[in-house]
Amino acid sequence: MPSTKRYQHVIETPEPGEWELSGYEAAVPITEKSNPLTRNLDKADAEKIVQLLGQCDAEIFQEEGQIMPTYQRLYSESVLTTMLQVAGKVQEVLKEPDGGLVVLSGGGTSGRMAFLMSVSFNQLMKGLGQKPLYTYLIAGGDRSVVASRERTEDSALHGIEELKKVAAGKKRVVVIGISVGLSAPFVAGQMDYCMDNTAVFLPVLVGFNPVSMARNDPIEDWRSTFRQVAERMQKMQEKQEAFVLNPAIGPEGLSGSSRMKGGSATKILLETLLLAAHKTVDQGVVSSQRCLLEILRTFERAHQVTYSQSSKIATLTKQVGISLEKKGHVHLVGWQTLGIIAIMDGVECIHTFGADFRDIRGFLIGDHNDMFNQKDELSNQGPQFTFSQDDFLTSVLPSLTEIDTVVFIFTLDDNLAEVQALAERVREKSWNIQALVHSTVGQSLPAPLKKLFPSLISITWPLLFFDYEGSYVQKFQRELSTKWVLNTVSTGAHVLLGKILQNHMLDLRIANSKLFWRALAMLQRFSGQSKARCIESLLQVIHFPQPLSNDVRAAPISCHVQVAHEKEKVIPTALLSLLLRCSITEAKERLAAASSVCEVVRSALSGPGQKRSIQAFGDPVVP
């Protein structure tokens, strides 16, 4: 059968999948659907987990179906054309830098990606002797880069105020708002504000749902829903006064966990677009589609190179799982921007799995003084905001034990004497030290350093002969590869711990409105009960032990989130109460007595009176 693919790919990309069929979880946005590939993720061993998540990541590069093109994809003509148009707008700012600015903005993972990319492209410009033109905005400020503060993305006015501050006095500002599910009020407000002020601002919306699936419930402090904002942007795109970049990348391997594919696709799409703008700006030409495709293929190669190490990634997954099962801690110690990736992975486990901030933590080794907008925000804020080398040496190293795991993440271009000195100090406390090492063909890890690591994942990259801007491709590849490894390891470890039901994050922490609606959808999916009954049960658990009054029932979602984000096991408690028709107190007692959250829920699902299998439940209603 002849190939239906238009482009030559580095990796074997999947054919269109079951999730693209019109009737598959029809009421649910793509970014919240369950991925058919991983519907039995909770039953998989470490090797299978790595394989499945690798297949999900490959879906990022999948082309749209030729016979039944349901959704536009990363390689779709419409997406590539929009990428080129946005690259041209960025070039206009680069050519006339006085009064110009490129803002990358988002909440949670999207905001952390905005931070990482602004750091990278400012470094690129400094290396050329140019004035840096990038900045980032993250809901909740710099503290949200290194700690879990997802609730801050629920305010549109907060987003607008932050944008006004950084854009004051500027003449031309490209604002790239990132919201994986097209749902974050922080971004919606900024996009609307930009459209009201097109003399200065050009808004670019990046997400991975069709606009018809953007969130449409009211934003508490804004006049429009996210969908209305996105629809307005689509109309203004006809005059190139706004742009929407929203290719479908398929559901997450772990349902709704946008830190994974959503974060990776954000990085791939925007680094491709921005790097193409920089590579061609001095040539006086607009970026070409060929330039975009060349860069996209290097990211495909990163997938190929990374997942060629699947067996070693699985070994690390098992080791991290053992540490967490024994109530130990996992410390991810990364050099330069790989340290940012490590911090992101640790922080995102908190709300994703209901983890403690000490369970998996990232640390950045290297100078970070020029990275943050307001570094003072991070001083003396408490242990959950610590992330530097000094923090690791003073607060972690003295208390390391044999049940902890330390993972060193570095390249052979880093200061290897510094790596060795720190590794030797860690080895004095614990033998459980691992490494993720990036090298280029021809480089080798010095023997004295190699022997310090009982187990290591060594990823060797081919030599690339690029100009200066192009040399950043390898830096971006290594960051993406590190992200894929760490996301897979931390997700896999929590799967092995019994935190996942099928491919759903049953024990997530309800930290913002998006997660509130996701919690409700899970209750509907697994209980088979009405939306009204599930809301009632969810609110009862959130506000327990206080009885629900009509005033509480009628309160805005933000009020419920404010209470819920401090509580543990909200969703499993509500689900048990629904399935067993028992009190909240009894549900809590059953969970407390169980060795695994998901085991007690599985038992309830298969018990008397549960007539339908999990698969039989209909689609939940998502606003």
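Positions of Cβ are set from backbone N, Cα and C atoms, glycine also.
Over in Swiss-Prot, the protein carries these features:
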type	residues	note
DOMAIN	90-286	domain 'SIS 1'
BINDING	THR109, SER110, SER179, VAL180, GLY181	beta-D-fructose 6-phosphate binding site
BINDING	THR109, SER110, GLU153, SER179, VAL180, GLY181, GLU348	beta-D-fructose 1-phosphate binding site
DOMAIN	320-476	domain 'SIS 2'
For THR109 (beta-D-fructose 6-phosphate binding site), just give me the three-state DSSP call.
helix
GLU153 (beta-D-fructose 1-phosphate binding site) to SER179 (beta-D-fructose 6-phosphate binding site) - Cα separation in whole Å
10
Site with most surrounding Cβ atoms, counting all protein chains shown within 10 Å, from the binding-site residues THR109, SER179
SER179
Compute the average pLDDT of the predicted model within the domain 'SIS 2' (320-476).
87
Could you give the maximum C-alpha to C-alpha distance in Å for the residues THR109, SER110, SER179, VAL180, GLY181 that bind beta-D-fructose 6-phosphate per the record?
12
Show, in sequence order, which residues other than THR109, SER110, SER179, VAL180, GLY181 on the same chain lie with their Cβ within 8 Å of the centre of the Cβ atoms of the beta-D-fructose 6-phosphate site.
THR31, GLY106, GLY107, GLY108, ILE178, SER183, ALA184, GLY207, PHE208, SER258, GLY262, GLY263, THR266
Return one of helix, strand or coil for GLU153 (beta-D-fructose 1-phosphate binding site), based on DSSP.
helix
Quick check: in three-state DSSP terms, what is VAL180 (beta-D-fructose 6-phosphate binding site)?
coil
Counting only residues 6+ away in sequence within the same chain, which have a CB under 8 Å from the CB of GLU348 (beta-D-fructose 1-phosphate binding site)?
GLY108, THR109, SER148, ARG259
Chain-internal residues near VAL180 (beta-D-fructose 6-phosphate binding site), provided their CB is under 8 angstroms and they sit 6+ positions away
THR31, THR109, SER110, GLY207, PHE208, SER258, GLY262, GLY263, THR266
